[in-house]
Amino acid sequence: MSVLALQEYEFERQFNEDEAIRWMQENWKKSFLFSALYAACILGGRHVMKQREKFELRKPLVLWSLTLAAFSIFGAIRTGGYMVNILMTKGLKQSVCDQSFYNGPVSKFWAYAFVLSKAPELGDTLFIVLRKQKLIFLHWYHHITVLLYSWYSYKDMVAGGGWFMTMNYLVHAVMYSYYALRAAGFKISRKFAMFITLTQITQMVMGCVVNYLVYLWMQQGQECPSHVQNIVWSSLMYLSYFVLFCQFFFEAYITKRKSNAAKKSQ
């Protein structure tokens, strides 16, 4: 089946990707401003909340998580279908190197929606601050760096972006659905939380693999449009995520389990 045979919705067909890419090329540096404001809000919010009782915010959190879950599920279905078709009809190299993900049917809207969504997703942290929950380094570091890198990369339509975005849509579809269920009061097995973290770790490994393939094909003189600077920043980002998520997995599920087992045996 041809990629062009994928059914487009009217809003996808009407989307002007040239205008979107042009806007990002002119405005991508605003991601630094958003990141600075985000950091300031975290520091200011935590300072203010020291003197206040925590907010419950259960219903707003359910609505927030459901909205992001629905967006991610729809995005995963649309971009996933597109990438599978590219992979099946044109092969692995084309699925990694082809820039059509940014301007082709179906995916062009979801590529732009993805990078824009990284700004409002910063709102995740607002719930942590207002509910006076533990805010770990991984959380805010991940939010800031994903925002900066996605805006920086979209403007250049770099190779590998289709896989980066599709993987993130898939992981977020599961993650935000889990958050919504937890916020709604459903009891979810701890193993499911472990599964989500493992999918995140897998995503980081795959991100590094994609970066390696892009670099390899570039060095071989094949058409795989990116630049070394982008590959370096992307690889450092994915490697840092890999280390931090592995550390989180070990501390949250391995160390804590051993600690609980030791307490029960006393």
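Heads up, residue numbers simply count up from 1 along the chain you see.
Cβ atoms here come from the backbone N, Cα and C positions, even for glycine.
Annotated transmembrane segment per Swiss-Prot: 32-49, 61-81, 109-129, 134-154, 157-177, 194-214, 231-251, in sequence order.
Of the recorded ranges 32-49, 61-81, 194-214, 231-251, the transmembrane segment (134-154) has the largest number of C-beta contacts under 8 angstroms with 231-251. Of the candidate ranges 61-81, 109-129, 157-177, 194-214, 231-251, 109-129 has the most C-beta pairs within less than 8 angstroms of the transmembrane segment (32-49). Sequence-distant contacts of the transmembrane segment (157-177) (same chain, at least 6 residues past either end, Cβ-Cβ under 8 Å): 21, 65-66, 68-69, 72-73, 75-76, 79-80, 82-83, 86, 95-99, 101-103, 107, 110-111, 114, 146, 150, 196, 199-200, 203, 206-207, 210-211, 213-214, 217, 224-227, 230, 234. Outside the transmembrane segment (61-81) by six or more residues, the chain places 6, 12, 101, 106-107, 110-111, 113-114, 117, 121, 123-124, 127, 131, 162, 165-166, 169-170, 172-173, 175-177, 179-180, 183-184 with a CB less than 8 A from a CB of the stretch. Within the chain carrying the transmembrane segment (194-214), a Cβ under 8 angstroms from the stretch's Cβ atoms is held by residues 92-93, 96-97, 158-160, 163-164, 167-168, 170-171, 174-175, 178, 224, 226, 231, 234-235, 238-239, 241-242, 245-246, 248-249, 252-253, all 6 or more beyond its ends.
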